[in-house]
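Participant: Sharing the record's features from TrEMBL:
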- A:30-53: transmembrane segment (TRANSMEM)
- A:65-88: transmembrane segment (TRANSMEM)
- A:108-131: transmembrane segment (TRANSMEM)
- A:143-165: transmembrane segment (TRANSMEM)
- A:194-214: transmembrane segment (TRANSMEM)
- A:248-271: transmembrane segment (TRANSMEM)
- A:277-305: transmembrane segment (TRANSMEM)
- A:317-336: transmembrane segment (TRANSMEM)
Amino acid sequence: MAGAVAVLLLLDLLRRLVDGSLGPSTLLTYLWTGLVIGLIYGLAGIGLSLTYSILNFANFAHGEYVTVGAFSGFSTAYLVAGGGIATLGNLFLLRPAAGQVGVSITSAPFAVVVGLLVAVVATVVVALVLDRVVYKPMRSAEGISLLIASIGVAFVVRYLLAIVYGTQRPGVTAGTQRYFVGEALGLGRFIVDAHQLIILVAAAVLVVGVHLLLTRTKLGKSMRAMADNEDLARVTGIPTERVIRSTWVLGGGLAGAAGFLLVLSQGTIAYNIGWRLLLLIFAAVILGGIGSVYGAVLGGIIIGIVQQASAVWLSGVWSDMTLPVTFALLIVILLIRPQGIYGGVETT
Amino acid sequence: MSTDPDAEGESNVESGAARESPPGDAPEEREAERDAAATTEETRSASAETTRPDTEGLLAVRDLDAGYGDLQVLDEVDLDVADGEYVVIVGPNGAGKSTVMKSVFGLTSFMGGAIEFDGTDIAGMVPEDIIHYGLGYVPQNENVFAGLSVRENLEMGAYILDEFPDDKLAEVFERFPILEERQEQKAGTLSGGQRQMLAMGRALMLDPKLLMLDEPSAGLAPDLVDEMFDRIDGINESGTAILMVEQNAKEALRRCDRGYVLVNGSNRFEDDGDVLLHDEEVRQEFLGG
């Protein structure tokens with residue numbers, strides 16, 4: 001049934017390409033932007049997946065870690081790039097007086113790199129502090145208690161950020177270099193911009209890094225061991241608290257990076273961007289198979305591409321339906337493969 | 001341990017011998033102590049003459065009360081394991097056999113008594129700390145990391161060491177060649193017997209003085225059970241003391257040095273394995289005649 005629908009949609013896609021109602025460049029744009037946004041879902045999803053399998057609860061505050069990364073990173077980037085344009089306070093709060101600072105990789109590459117690093121570090125610190133204050137005292141509690149606590153944490157962090165930064169949704173990036181790839185290939189208008197390339201490179205480096213960490217290092221192997229069987233890990237002498245801290249460092253850092261990259265790609269920032277992203281991150285993780293790192297990345301890419309490519313069929317008044325359609329697909333895939341794509345295969 | 005390549009073939013035997021007579025503890029002296037202890041020992045023994053070793057042995061459990069949460073399972077359990085000894089705990093289901101081992105390893109709620117291992121009071125310690133004293137434990141179920149490769153499982157066994165013990169890995173591979181063959185394979189894909197070998201291999205990576213095995217023959221096909229017992233004999237012969245809980249009571253008692261019969265969380269009988277095996281009461285009540 002689902003297979004038949006998929007085949008029909010593919011045939012329809014081909015028909016549209018042949019009869020010209022869908023230009024190849026438009027399809028390329030959907031796929032490319034879907035890939036880029038999907039990588040961000042995936043990066044954020046790795047942390048959610050790791051904390052789920054190692055700490056045994058679904059962390060609803062994970063979206064807020066993304067937001068913390070976005071704000072800490074962009075405040076830093078503004079401070080680095082905007083010296084002299086506005087007061088330090090206003091730069092930090094992303095409120096330059098007149099004439100925006102607007103950070104981009106081409107106008108202020110150093111600020112972007114420093115911002116990304118600070119986004120990672122600041123989110124790691126926040127994740128560790130939250131673990132120490134909230135989750136550690138509850139270590140032996142049931143997953144459902146931890147889940148509810150994490151919803152509380154999400155609210156606190158979200159509205160603390162709202163108090164500091166306000167609830168508006170300012171644009172914070174400047175235009176950057178655009179490469180007219182489509183024209184060069186004779187396919188029409190298909191543009192790749194420098195920020196998208198940065199995201200692609202950063203995501204690739206981080207995913208490969210996580211893979212190497214989990215498969216090549218003693219720490220990474222002990223994280224997988226603990227995700228696999230916590231009791232046995234304890235019996236084996238693996239220091240479980242240290243592994244948990246490492247999990248927050250890794251998961252928080254990736255969430256922070258995802259937040260910074262998300263803002264770099266969409267251009268605007270707000271106190272609730274992480275919260276709005278959370279459902280999609282969950283979708284990516286569940287689709288890929290909860291507990292699987294590759295699954296989270298693959299799930300993210302699928303969710304991202306479906307979200308973008310569904311615009312082929314959902315135009316005009318139907319364009320608001322992309323999100324429901326994305327989740328409908330999630331449901332269909334889970335009906336066919338309840339454990340997710342990589343689920344039950346392996347922990348990495 | 002010697003790193004002299006010429007001594008490699010005999011290294012197991014050597015380390016075993018070294019353990020049985022640690023420096024400063026002359027064999028004659030220990031014999032004398034043992035005899036003295038035997039004459040003063042209260043008789044819980046199945047035979048008239050007890051053979052409980054001197055209390056200076058490796059593991060000494062005295063009046064242990066322990067359980068899960070508020071539920072007390074063990075009531076004043078006494079247990080001894082001497083250096084290099086092979087001790088088995090048998091008894092009916094629910095007697096608390098596994099709980100004894102879990103309690104020694106810090107996995108239950110400690111409620112009273114004393115647990116001394118190799119001269120250190122380990123009562124109330126967590127497994128993470130206990131493992132540093134040379135005590136290894138192989139749980140009955142889910143005793144391998146299924147998502148990790150065979151080799152990674154063994155690496156985790158040596159987690160607490162700063163430097164990876166290549167010599168121990170080689171020993172484990174020599175003892176269980178199938179593990180070397182399958183070292184890249186995920187542990188979850190192994191058969192029951194292979195998993196049991198991997199679980200033991202993981203514990204042997206730290207070269208424990210005492211290895212505690214919880215029902216190593218559980219779930220194995222009958223023709224593999226004997227093989228498993230042979231392997232355990234082998235581990236014991238190379239100097240590692242064994243404390244084992246077994247459903248397969250007759251075979252376990254036949255092979256061990258001493259046995260304990262545990263009933264309702266308390267000691268009922270203790271004696272040489274052979275003595276218990278031929279004791280009329282033990283046979284009738286616990287070994288099915």
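Placement of Cβ uses the backbone N, Cα and C atoms for every residue, glycine included.
From a predicted model like this one, the values you see are computed outputs, not experimental measurements.
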Participant: Going through A:30-53, A:108-131, A:317-336 one by one, which has the most CB pairs that fall under 8 Å from the transmembrane segment (A:277-305)?
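Facilitator: Of the candidates A:30-53, A:108-131, A:317-336, A:30-53 scores highest.
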Participant: Residue list, the transmembrane segment (A:108-131) vs rest of chain: Cβ under 8 Å, 6 or more residues beyond ends.
Facilitator: 61, 65, 68-70, 72-74, 76-78, 80-81, 153, 157, 174, 198, 202, 244-245, 248-249, 251-253, 255-257, 259-261, 264
Participant: Under 8 Å, at least three CB pairs between the transmembrane segment (A:30-53) and the transmembrane segment (A:248-271) (pairs 6 or more apart)?
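Facilitator: Yes, the transmembrane segment (A:30-53) contacts the transmembrane segment (A:248-271).
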Participant: Take the transmembrane segment (A:65-88) and find every residue of the same chain, 6 or more past its ends, with a Cβ under 8 Å from one of its Cβ atoms.
Facilitator: 44, 47, 94-97, 99, 101, 103, 107-108, 110-112, 114-116, 118-120, 122-123, 126-127, 157-158, 161, 164-165, 172, 251-252, 255-260, 262-263, 269, 271-275, 277, 281
